[in-house]
Protein chains: 2
Amino acid sequence: METTKLMVNRKRLLDTINVSSSIGSLENGGLNRLALTEDDKKMRNIFVKWLREEKLEVRVDDLGNIYGRRKGTFNDSPAVAIGSHLDTQPCGGRFDGILGVLTALEVVRTLNENNIETDYPIEIVNFTNEEGARFEPPMLGSGGVAGEFTKDFIYNTKDNENISFQEALINIQYMGDEKHRLRDIKYFIELHVEQGPILENNNKLIGIVEGIQGISWLNVKVVGETNHAGPTPMENRKDALAPTAKMVTKVYEITNEIEGLKTTVGKLNVKPNITNVIPGEVEFMIDVRHKDDEIRAVTIDRLREQLGTIAVMNNVEVTISTDWNSDAVLFSSKVMDAISEAAGVLGYSTLRLFSGPGHDAKYISKMADTGMIFLPSINGISHNEKELTLEDDIEKGANVLLNTILKLARAQ
Amino acid sequence: METTKLMVNRKRLLDTINVSSSIGSLENGGLNRLALTEDDKKMRNIFVKWLREEKLEVRVDDLGNIYGRRKGTFNDSPAVAIGSHLDTQPCGGRFDGILGVLTALEVVRTLNENNIETDYPIEIVNFTNEEGARFEPPMLGSGGVAGEFTKDFIYNTKDNENISFQEALINIQYMGDEKHRLRDIKYFIELHVEQGPILENNNKLIGIVEGIQGISWLNVKVVGETNHAGPTPMENRKDALAPTAKMVTKVYEITNEIEGLKTTVGKLNVKPNITNVIPGEVEFMIDVRHKDDEIRAVTIDRLREQLGTIAVMNNVEVTISTDWNSDAVLFSSKVMDAISEAAGVLGYSTLRLFSGPGHDAKYISKMADTGMIFLPSINGISHNEKELTLEDDIEKGANVLLNTILKLARAQ
């Protein structure tokens, strides 16, 4: 078939990415383009201009999400949506979700210049505040559209300077209409950098994402008794840090025993944190991830029990609370197959894998058959100015996206 | 002899302590009076006023140490110095070293109201920054006077907000003259709370301190690699905290095997300290104490070796440096005998013991025959708002100090 040989314009795509890389740019090649800032506005304005140049019907919804719709042969049928987000972390990379939006644009440009009409309409999407770096939690735009968060909740989240989402949205003049929100779509496809080393380590090009791991954040507080290091005999101490060290080791012991489980103790604070004072309190977080929610739940029970035992044996108190829970998501096998087929026709290697971080696709998967394409991140680095996805890989990824869309936008 | 029956004024002493307890007071009865802060200044001002009321000759040296001198019959002969420090930990107790300064004041008040002239002059001393909670290391004032630290070193130590000792000293207007420093003294006696449970456990009132344990502070820096918690497979990580947990456990395992050894990991900082980011670096301190310097040295060698092994086995880098070393000190038997005799005449029980923590007496012992009187700390608690020494014990301790001074300030 002729259409499967259709290819994107590499130079045009890279030029477009370069324009994005110049808005909010940092000195080491990264970007600081927090959601709903002046730089985000600048990027949005250019993006809207590009959408209009392609004769797309542009709309903005009440969460600042931007859509560009391309008509299909069956124009009343649900659209195939493609996209991601244009916002970044404060010291973020140039690619991240940006690739998902700009490759979607390149897909439409390629269709336009080749006068290809798809059966179903296509919608390019840019979701607001995916990063959660300015307004917490992350993925407010996609979560709002999917009914995960109420409008009220989203509008009232505030940044560090106490500016609300709603104010910020009005300030940059991207307050649109609720009736413009994404709804009634057939598929959603998000291309994104992997933010991990799995593709690179396995020497594969195209990641076919099977789903997103479930996450829990446990807060562990260990309370002993502060005392002076010099006089207090070892046997009289109620040191909070000594049993904490055993707990951290135990966390990783348990992790080693459970296939596919990831845990991280990334944050740990000692009080009073003075060299010659026996710690009276330690608070730490455990990040627990697994693609199977049941295994994650069992792991948490086991952590509670084992950490509790260590506390009892060391004569300290422990309280463990869950700060955040987010269940795993499984993507559509129909979409996975379409990506797989597109990559196969183009001769690119693929790997099926689960995503550790959350993405807009996580929430949108509640509305339609959803899938993601991952591209390799060099050394797995992300949320860092050093984040890098090679130009060749970007071009190939865009071609996979194009051919996946051609397949999914065709009436069977 | 009549003079041995001389007693301090309990009410006056407790009232004086209560004034101190109101400066920098915390809600649970403790004190936050870090060295060279506004509260320290407030306390110093009142203390100087009290010294002047007793007609003492007040001087302040270039390290902010405050002296109040009472003439003796042989006024050109070296003085008997008594004192300690008025600064506290951020969540410290009301007694600690404060008792050593205020009982010294009470001794002089008692001598004055009874018109007792001693053969040797008496000097009350308040040393700057004994705690080391604001400026590290501790005992900068006494250490400076004894030649342990250079003026340059002391002036350039900085607090957490990057304010130098010198700036802080000028800010509170306690920058005095180098020629005012303590020198040419015959004895130094420091009364202090025990900060440990030994007196209480043995049901004894007066601790006669034989010496101070040697101390080393080791700085341990573990370097791995920062990465995202979500995507990075467990086996690809170079987590700095996981091996640190094993190191802390190893420190205490080694400690259990060596008689009389005390170690403490009181300070530990994780970088970047974010829940979903794998720690790239951990830095922690090990406080090592023993009364035998040789055993302490052997322990440090063993810690270096064992921690190094853990680092190698976990694929991280470790560097261990010695931030501070202070050899064990033995106090003067002449002073111990004088304390013992005074307590005996008053009918109070005594116990000879070693001090775990360092004290100003440690450095001053290089300048003169030195000794310390310890009073019981309930439950051995110190550097804690719950620190408590009973009023009866304070009164009795002050009487032992008074009678010890009467003996030592008399020409033989």
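Quick reminder: no glycine exception, Cβ is built from N, Cα and C everywhere.
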Zn(2+) 2 binding, same site as A:Asp96, A:His383 - TrEMBL member from A:Glu117, A:Glu123, A:Glu131: A:Glu131
Among A:His85, A:His192, A:His383, which are binding-site residues, the residue with the most C-beta atoms within 10 angstroms of its C-beta: A:His192
Tertiary neighbours of A:Asp96 (Zn(2+) 1 binding site) (same chain, Cβ under 8 Å, six or more apart): A:Thr88, A:Gln89, A:His192, A:Val193, A:Gln195, A:Ser382, A:His383, A:Glu387
A:His85, A:Asp96, A:His192: the binding-site residues whose Cβ falls under 8 Å from a chain B Cβ: none
Distance from A:Glu131 (Zn(2+) 2 binding site) back to A:His85 (Zn(2+) 1 binding site), taken between C-alpha atoms, in Å: 8
In the chain carrying A:Glu131 (Zn(2+) 2 binding site), residues 6 or more apart in sequence that have Cβ under 8 angstroms from it: A:Leu34, A:Ala35, A:His85, A:Asp87, A:Thr88, A:Gln89, A:Gly92, A:Pro138
8 Å Cβ shell about A:His85, A:Asp96, A:His192 centroid, Zn(2+) 1 site members excluded: A:Ser84, A:Phe95, A:Gly97, A:Ile98, A:Leu99, A:Gly100, A:Val101, A:Glu130, A:Glu190, A:Val193, A:His359, A:Asp360
Sorted by sequence, non-A:Asp96, A:Glu131, A:His383 residues with Cβ within 8 Å of centre, Zn(2+) 2: A:Thr88, A:Gln89, A:Gly92, A:Gly93, A:Gly97, A:Glu130, A:Ala133, A:Gln195, A:Ser382
